[in-house]
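Taken straight from Swiss-Prot:
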- GLY169, ASP170, ARG171, GLN172, THR173, GLY174, LYS175, THR176: ATP binding site (BINDING)
- SER373: site 'Required for activity' (SITE)
Amino acid sequence: MQLNPAEISDLIKAKIENLSVNAEVSTRGTVISVTDGIVRIHGLSDAMQGEMLEFPGNTLGLAMNLERDSVGAVVLGEYEHIKEGDTVTCTGRILEVPVGRELVGRVVDALGRPIDGKGPINTTLTAPVEKIAPGVIARKSVDQPMQTGLKAIDSMIPVGRGQRELIIGDRQTGKTAVALDAIVNQKGTGVICIYVAIGQKASSIANVVRKLEEHGAMEHTIVVAATASEAAALQYIAPYSGCTMGEFFRDRGEDALIVYDDLSKQAVAYRQISLLLRRPPGREAYPGDVFYLHSRLLERAARVNEHEVEKLTNGEVKGKTGSLTALPIIETQAGDVSAFVPTNVISITDGQIFLETDLFNAGIRPAINAGISVSRVGGAAQTKVIKKLGGGIRLALAQYRELAAFSQFASDLDEATRKQLEHGEVVTELMKQKQFSTLNTAEMALTLWAINNGSYSDVPVAKALAFESEFLSFVRTQHPEVLEAVNASGAMSDESEKTLEAAMKSFKSSYAYQA
C-alpha cells in the first residue's frame, strides 16, 4: 500500500484548523483540613464572601473566611465523606433558594428542598438568601392591621402589616402558641405565612405542621425547618431562606407574615460557626457581628410602596403596596431580657410582647405582661373600632396592678377601690383565650364594648369567660347583621350600639350567670 505524505499532511492540517477547544475556566482548590463541618481550602484565590463552593459528592459549602492563603468554608449538610486533598470548585454563584407560589402548603429545609414526602416542588424561580433591605424611599408607613385574633394583642399591642414585633419570654410560656394563632387567623385574608423553625426537635416541628393542617392553615403557609440534628450552617441560613420566600410575595404587591422560631438558636448556631472559624469572640462568646446577623434579617421585613412594587414587577402590578411582617421569637433565661441577644433584638424591632412564666402558671394565657409590652408603630394600623373600645383596657389593667399591690397591705378598702379591683379582675379574666380560638374584629369589638359599658359589673369573675362565649353565640344567632356591619366598616355605629344594648338586656334576662 502506497502512502502519500502530502495527503496525510493535508488531513492533519484540516483537523488542526477545525479543532475547537472550549476552555472552561474554574477556580479549584484543595482541602487542607476538615473539622466539625468547617473546611479549610488552599488555592481558591478568586472566592467571594458567601459564595457557594462545590465539594465531592455534590455537597455544597459556603465561603465565610477569606484569608491570605486559605479559605474557611462551612459545609451545608453532611461532611463525613470530605477528606484532606479533595478538590473544591468555585461555582461563581451566591447561595440561592427556590421561591414562588408552588412552595405554599409545603415543608422545606433551609435550602428549599422538600422534606414532607409530597414529591418535588415545580418552581423555576430562585432568589439569593442574602438581599439588601428596602431603602427609606422604597418604604411606606405601616397603616394596615395584621390581626392576630388574640384580644390581648389586638387591643393593647396591635401589629401592623410591615411591622417587626418581637415575642419574648422564657421556655414554655406560649411563644409559639401566640405565633401559630397569628398564622391561623390569616386564613381567608390573602396573607401568605412562613413559619421558620430553627434548632427545634423534629417531633415538635411535625406537631406544629399537624396543628396547622388541622386548622386549615397549611393552605396559606410555608414551613422552613432546620432541626436540631442538622448542621449549624443550615440553622444559621434558615431564617434568611424563609425571608427570601416571603419577599417574593412582598415584592409583588401582596402581604406576607413570617415567624422566626427562634432567633436565640440561630445566634447560638452562628456563634458555633464563628468560633470554629477562629473568629475572635466577644460578649457571651458571641462574635462581634451578631447584632448585624439579626438587623440585616429583620430590616428586610417592611412595607414597600406602589412605585417599588411597580418597579420590581416591571410594571405588571400597579397601585399596590406589598408588606412582609415579622414575628421573631427570642427565648430568655430566667426572665433575663438584659442579656446580649434579647437586648439586640429588642432594639431592632418595632415593639415586643413579653410573656411571663408566673402569669402562665397562674392560668393567664396568653401570658402577656401588658405593662412592659409595647407596639411602637401598630397604633396607626389599628382598626378604628378596636382602637376606640380598647383604649381603656391597658389603663384598667395598669390601675388594677397598682391597686392589687397596695391592697395586700390594706385591711379595709373603700367602695371605689373595691369596684376598680373587681373590674381589673374581670378584664384580666377576659383577656384569657384558648389556643386556636381566634376572634374576628366584630367579635373582639363585642367583648370590648361589653367591658367598657359595665355589662360585666354583676358577672362573677369565674363565670366571665362563659358569659362572653354565650353572649357571642347569642348575638351570632339573633343579630348577625351587627357583626357583619362592624366587620365590613371597621366601626360601630350608634344604631349597632342600641341593638347590642337591647341584646345584652334580653340575654341577661334569659341567662343564669350569677353565682
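Backbone N, Cα and C atoms are what each Cβ position is placed from, and that goes for glycine too.
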Report summary line: For GLN172 (ATP binding site), the number of neighbouring Cβ atoms whose distance to its own Cβ is within 10 Å equals 13
Report summary line: Same chain, |i - j| six or more, Cβ under 8 Å of THR173 (ATP binding site); the result in sequence order is LEU355, GLU356, THR357, PHE360, ALA367
Report summary line: Other C-beta atoms within 10 angstroms of the C-beta of GLY169 (ATP binding site) total 27
Report task. Mind checking which of ARG171, LYS175 has the fewest other CB atoms within 10 A of its CB? They're the binding-site residues. Result -> ARG171
**Report entry** Cβ-based neighbourhood (8 Å from the centroid) of the ATP site, residues GLY169, ASP170, ARG171, GLN172, THR173, GLY174, LYS175, THR176 excluded
**Finding:** GLU331, LEU355, THR357, PHE360, ALA367
Report task. Restricting to the same chain and to sequence separations of six or more, state which residues have a Cβ under 8 Å from that of ASP170 (ATP binding site). Result -> GLU331, THR332, GLN333, ALA334, GLY335, LEU355, GLU356, THR357
Query raised in the report: Roughly how many Å separate the Cα of ARG171 (ATP binding site) from that of SER373 (site 'Required for activity'), to the nearest whole number?
Result: 18
Query raised in the report: Which whole-number value in Å describes the distance between the Cα atoms of GLY169 (ATP binding site) and SER373 (site 'Required for activity')?
Result: 11
Query - Around the Cβ of GLY174 (ATP binding site), the count of other Cβ atoms that are within 10 Å - result: 19
Query raised in the report: According to DSSP, which of helix, strand or coil covers THR173 (ATP binding site)?
Result: coil
Query raised in the report: Including all protein chains displayed, how many Cβ atoms other than that of SER373 (site 'Required for activity') lie within 10 Å of its Cβ?
Result: 22
